[in-house]
Each structure stands twice: as C-alpha cells, then as structure tokens.
Amino acid sequence: KDLILRKAREACTCNHQTITTFFCRLFPVLDWLPHYNIKTQLLGDVISGLLVGIVAIPQSISYSLLANQDPIYGIYTNFFCNIIYVAMATSRHNSVGSFGVLCLMIGQSVNRHLQLAGYSDHSTGSPLLGNSSSSSNGTGACDRSCYAITVALSLSFLVGLYQILLGVLQLGFVAVYLSEPLLSGFVTGSSLTIITSQMKYLLGLKIPRHEGVGSFILTWVDLFRYIQNTNICDLVTSLVALAIIVPVKEINDRYKEKMKAPFPIELLVVIVATVISYYFNFEERYKSAVCGDIPTGFRKPTLPDINLFSSLAVDALPIAVIGFAMTVSLAEIFGKKHGYTVRANQEMIAIGMCNLIPSFFYCFASSAALTKTLLKESTGTQTQVSGLVTSLVLLLVLLWIAPLFYSLQTSILGVVTIVNLRGGLRKFHDTPRMWQLSKLDTVVWWTTMLSSTLVTTEVGLLVGVCFALLCIIFRTQRPRATLLGKVSNTEIYEDQATYKQLSSIANIKIFRFESSLYYANKDYFKTVLYQKTGVNPVLLASRQRRVETQGNADTGNSKSFFGVRFGCLKPAKRRAEKPSVDACPPSIDMHTLILDCGAMQFVDTVGLSVLKETHRDYKEVGIQVLLANCNPSIRHRLREG
C-alpha cells in the first residue's frame with residue numbers, strides 16, 4: 001500500500017519541472033530545435049527535403065491509385081503527416097508518408113465497403129475521377145469518390161487511435177513479435193499483390209478488383225482472359241517508361257556513394273509523359289485512362305463516420321501494427337547507425353498522431369516509407385527540418401501545380417508504383433543465403449510470403465506471426481540435449497558428440513538440456529535423458545522387481561521338488577546353473593547423474609514435477625541425481641517446491 005501511494009504521488013506531482021519534462025518528451029522538437037545549428041545543419045536538411053519532396057510527388061499520386069482514392073488525397077496525406085512527425089518524432093531520419101503495403105490494405109478495405117454500400121465498379125479501369133463537390137458530413141449526396149475517402153479517413157482515425165493507445169500503454173514490445181524474416185516475407189508477398197493489382201493499368205484493361213482468398217490468382221486469370229482488350233497506347237507507354245526508369249534507378253543505386261543526389265527520373269518521366277499525353281490527346285484519341293481533374297487548395301475539415309467504426313475496427317488493426325512496426329524498425333536502424341537514441345513508444349505516439357489528426361483533413365493512413373527514408377539519409381539530412389521542406393514542396397503542388405497533371409496516364413502511375421517495389425522482389429535472391437543461416441527462418445519467410453500473396457495480406461500477417469511463434473515453441477519443445485565430457489587438465493565440460501578427446505568421468509554422466517523445462521517439453525526431456533544415458537530407471541526398476549519375484553518363485557519351487565521326487569533335483573540344478581537373461585539382475589555403469597541446468601531459464605510446475613520424478617526413479621535403482629548451474633530463479637523454485 002505504501003509503495004503504491006508513493007508511486008502515485010510521484011506520478012501525479014504537478015510542478016513547473018514535471019510539466020516542462022512532459023511536453024519535451026511528448027514534443028521532442030522543443031528539446032532539439034533550440035539547439036539547431038543553422039550553419040552546419042540547414043543546408044543538408046534543405047537539400048534532403050527538396051529531393052524527398054520531388055520523389056514524393058509522383059509517389060503520392062501513384063499510391064493514391066493503389067489506395068482506391070483520388071490523387072489529391074495522396075498529396076494531402078504526405079503534406080500533413082510530415083508536419084506532425086517533425087514535432088513529435090525522436091528519429092532524425094525517418095520520412096513518413098504513403099507506404100505501398102499500407103495503401104494496398106487500405107484499398108482492399110475501401111473497395112470492400114464500396115461494394116457493401118452498393119456503389120458500382122464503373123471506374124475499375126481508371127482512378128476515381130474528379131474530386132467530388134459533395135461533402136462526407138451529410139450536407140449533400142455522397143458519390144463513389146466521396147464515400148471512398150470517407151471510409152479511408154475513418155480507417156485512418158482508428159489506425160491512429162490504436163497506435164496512440166499502444167504507445168501510451170507502453171506496448172512497444174509488441175513489435176518484437178514481427179521478426180525480420182516475417183516482415184521481409186510479408187513485404188515481398190504484398191509487393192507481388194501490388195504488382196498484380198497494377199497490371200491492369202499498365203495494359204489499360206477494365207477488369208474488376210478481386211478481394212479475399214485467391215484474389216491474386218483470380219486477377220491473373222482475368223488479365224489473361226481479357227488480354228485481347230489491351231490498350232496499345234497504355235502498353236507502349238508503360239514499356240517505354242519501364243525501359244527508362246529501371247536502368248536509371250539501377251544506376252542511382254550502384255553509384256549512390258559517388259553521386260551527391262540520385263537523379264529524379266520518376267518525376268522527369270511523369271512530367272514528360274503528361275506533356276506528351278496532353279499534346280497528342282491520348283485520352284480522346286486512344287481512350288487512355290488519365291488522372292483527370294486534380295483540384296488545388298484545401299478542403300474544409302470533416303469528421304470520421306462513426307457508423308463505419310464497427311466494420312473498420314478489424315481492418316484497422318493489422319494496418320496499425322504494420323505501420324508502427326515499419327516506423328519503429330526504421331527509426332531504430334538509423335538511430336543505431338548515427339549514434340542517437342530512439343524511443344519506440346514515442347515513435348508509436350508520433351505515427352499515431354500522423355494518422356489521427358490528418359484523418360480530419362481527408363488523409364488516409366501512413367507510416368515511415370523505406371525508399372524515402374533511405375533517400376533522406378543518403379542525401380545528408382541532419383534533423384526533421386527536412387520534413388518541413390518536403391511539406392513546402394508538396395504545398396506548391398497543392399496550391400498551383402496539381403491541375404497540370406490532368407493528362408497524366410494511370411499506366412505511368414502503375415509503372416512508378418511497380419518500380420518502387422524492386423526492393424521487396426530482391427528478397428528472393430537472399431533466400432538461398434537465408435537457408436544456409438537458418439532453415440526455420442527461411443520457412444517463416446516463405447510461409448508469410450505465400451500466405452500474404454495467395455490468401456490475403458491481413459491473413460498472411462496473422463499466419464506469419466502464428467507460424468513464427470510455433471517455430472519458437474518447436475525449438476524449445478525439442479531442444480538440443482547432450483552428454484558432457486571434460487577437457488583435459490581443465491574444469492571445462494563440453495559436448496562429447498561435438499568435440500574430440502574429451503574424457504568422461506567413471507560411473508558419472510553429465511547431461512545438459514539446452515532449454516527451459518516446462519510442460520511442452522517434459523516428455524521429450526525424459527525420453528532424450530533415457531536415450532543419452534542408456535539407463536531407463538522405470539524399466540530398470542521393473543526388471544529388478546521381476547527378477548526378485550522370479551527368484552523368490554524359483555526358491556519355492558526348488559523346495560517342493562524334494563517333497564515329490566528325488567529324480568527331479570538334477571533338472572532343477574541344471575536350470576539353476578543356466579538362468580535366463582531376464583533372471584539376471586541388470587548391470588548399471590553409473591552411480592551418479594548430473595543435470596546441467598545452465599541453459600534453463602525457468603522451470604514451471606510441470607518441469608518441477610519431472611525433476612522430482614527423475615530424482616525418485618533414479619534413486620530406486622541406486623543412482624543419485626544432482627543439479628548443477630541452477631540460476632537463482634530455478635533455485636528459488638526448487639526450494640519452494
């Protein structure tokens with residue numbers, strides 16, 4: 001009681017110092033901005049922010065297509081979340097915004113709700129054309145575009161709420177269950193799904209967007225079924241864009257150490273393609289799908305649709321988990337590389353605010369983006385001031401430049417999206433090396449990748465997490481168990497099966513079980529112990545009792561022979577001279593068994609019962625059992641039990 005009261009007083013103490021500390025921890029910008037060095041840091045931040053902003057323009061528009069939204073909403077998302085992240089992040093290098101995997105999951109949820117609401121799929125071959133003048137707050141009729149962004153911003157609100165709750169409740173450790181092979185497999189599987197969803201734009205086909213189990217295969221079936229309807233103009237444009245962007249991106253990657261900044265080939269291709277499409281009138285002449293009207297300026301804030309929360313609650317959870325996992329992992333990677341500390345829980349609150357607040361301004365969910373973060377770090381950013389510069393670049397697009405992208409073909413946006421997924425596809429080249437290092441990790445990667453591709457992204461993530469946990473349980477359920485031998489002239493004991501020239505101690509066997517002893521591996525513990533030592537005390541005790549019983553019976557029978565016939569004495573003597581194998585008492589080549597508990601982290605109640613049974617069973621056959629290298633928690637459990 002006293003401890004609780006003292007902690008409560010400490011937590012609830014309110015003075016100038018605690019208030020200042022609270023706001024500095026909640027808004028880290030208050031801590032580092034007063035110490036900002038304009039001479040040494042500003043130039044790197046401005047250059048980095050400009051380059052990331054230039055890359056963010058085509059990505060914002062193309063990822064909007066992936067999220068089933070109008071292009072303007074992707075620019076809104078990248079603009080607002082960068083400003084908020086500057087104020088609340090502890091990472092100096094993360095670049096937040098629309099992320100391909102999240103946009104895929106958002107698009108799937110939006111499309112599902114559009115179908116449930118009865119909206120026709122009239123624009124499956126093009127983005128949601130035109131920014132609806134109807135508002136989503138009930139002041140007017142809500143068309144398909146309006147309802148799509150209403151679903152997306154309501155989803156973003158829930159995602160941000162989940163992430164803030166995880167950060168406030170100090171649940172950052174949840175990210176540790178998303179291992180690197182699992183995340184890698186999930187990103188690769190999602191990349192394949194994204195590429196599949198973008199193929200219809202590259203070919204100019206109008207096919208329905210499939211959802212749920214088997215959507216990957218069904219989409220490819222439809223692509224081949226309607227391939228005769230391919231728009232030649234879109235196909236040629238896509239191939240030319242791929243032939244230009246991919247080699248230049250490869251050159252950027254290969255010579256990034258020598259180049260001061262990567263060449264912005266994506267933006268250049270987008271500009272040139274827009275100009276060509278406008279002057280040659282691809283929309284009217286070849287029926288190519290284009291972006292259409294992109295309005296300028298900002299819309300009035302709106303509220304999320306509370307009625308959608310119940311149906312979006314489940315969809316928001318995996319998006320929130322993936323979003324904060326990517327953000328925290330990237331922040332920790334670059335924080336470790338550049339020697340500063342990152343607070344995982346604060347990062348979760350920051351990215352949660354980047355989703356919660358922008359949801360009132362027609363934005364969808366975002367997270368740290370890998371490609372833009374790598375670009376930001378490689379171009380010399382020093383602080384998050386570069387994020388403000390990126391937002392200024394996007395502000396120029398929002399206020400003046402956006403309408404100029406009217407004639408931009410959606411096939412070009414599909415190319416930009418696919419090219420940015422090269423990193424996920426390169427993971428296939430790493431699998432042979434991964435197999436050599438860890439077969440179980442490779443199986444986790446393939447399981448997560450295949451389930452994310454062939455089932456759904458959400459189910460794939462769940463399958464990957466469950467399978468990874470099962471692999472951990474399997475490793476502890478059947479751990480390595482060895483007999484130890486002594487290294488000559490030392491007090492070092494090692495595995496006899498691994499090292500040569502180890503001496504064993506006469507009549508003493510040392511057994512090491514390289515895992516904690518608990519309910520899942522109790523049977524394996526006894527099985528491998530009996531196998532390694534060559535002594536099964538239960539069978540041995542049973543055999544000894546059988547020998548004793550048979551001996552007593554033979555003694556009684558021999559006495560009865562004297563009372564019947566003297567001639568039966570000779571056969572009885574012959575039987576006594578040649579006893580059966582079962583009648584021989586079994587020999588034991590040890591008197592002491594030592595259990596090396598150095599690798600045991602804990603022993604549960606079932607494990608404690610196993611140790612008791614082992615001690616009792618071996619004692620019955622004349623073998624004493626000793627425990628060595630027990631840590632304090634195990635010794636405490638042994639004393640209590």
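Along the chain as shown, the residues are counted starting at 1.
Backbone N, Cα and C define each Cβ position, glycine as well.
Automated prediction, rather than curation, is the source of TrEMBL annotations.
Going by TrEMBL, these are the annotated features:
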type	residues	note
DOMAIN	498-641	domain 'STAS'
TRANSMEM	42-61	transmembrane segment
TRANSMEM	73-90	transmembrane segment
TRANSMEM	146-165	transmembrane segment
TRANSMEM	171-195	transmembrane segment
TRANSMEM	263-280	transmembrane segment
TRANSMEM	308-328	transmembrane segment
TRANSMEM	349-370	transmembrane segment
TRANSMEM	445-474	transmembrane segment
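Cβ atoms under 8 Å from those of the transmembrane segment (73-90) belong to residues 26-29, 56-57, 59-64, 67, 96-98, 149, 152, 298, 331, 335, 341-343, 346-347, 349-351, 353-355, 357-358, 361-364, 366, 384-385, 387-388, 390-391, 394-395, 397-398, 402 of the same chain, restricted to positions at least 6 beyond its ends. Within the same chain, residues 26, 59, 67, 69, 73-74, 76-78, 80-81, 84-85, 88-91, 94-99, 102-103, 106, 149, 152-157, 159-168, 298-299, 301-304, 319, 322-324, 326-327, 330-331, 423 sit at least 6 positions outside the transmembrane segment (349-370) and bring their C-beta atoms closer than 8 Å to a C-beta of that stretch. Residues 71, 74-75, 77-78, 95, 97-98, 261-262, 264, 266-267, 270, 291, 369, 371-372, 375-376, 379-383, 385-394, 397, 405, 408, 413, 416, 420 of the same chain lie 6+ residues outside the transmembrane segment (42-61) yet bring a C-beta within less than 8 angstroms of a C-beta in it. Per-stretch counts of Cβ pairs under 8 Å to the transmembrane segment (445-474) identify 171-195 as the leading one among 171-195, 263-280, 308-328. When Cβ-Cβ distances below 8 Å are used as the criterion, the transmembrane segment (308-328) is approached by residues 94, 96, 99, 101-102, 105-106, 109, 113, 116, 150-151, 154-155, 158-160, 162-163, 166, 172, 174-175, 178, 183, 186, 342, 344, 347-348, 350-352, 355, 365-368, 370, 457-458, 461-462 of the same chain, each at least six residues removed from its ends. Here the transmembrane segment (263-280) has long-range neighbours at 51, 54-55, 57-59, 61, 237, 241, 244-245, 248-249, 251-252, 288, 290, 404-409, 412, 415-416, 419, meaning same-chain residues at least 6 beyond its ends whose C-beta is under 8 angstroms from one of its own. Sequence-distant neighbours of the transmembrane segment (171-195) (same chain, 6+ residues past either end, Cβ-Cβ under 8 Å): 66, 100-101, 104, 165, 215-216, 321-322, 324-326, 328-329, 344-345, 347-348, 417-418, 421, 424-425, 427-428, 434, 441-442, 444-453, 457, 460-461, 464-465, 468-469.
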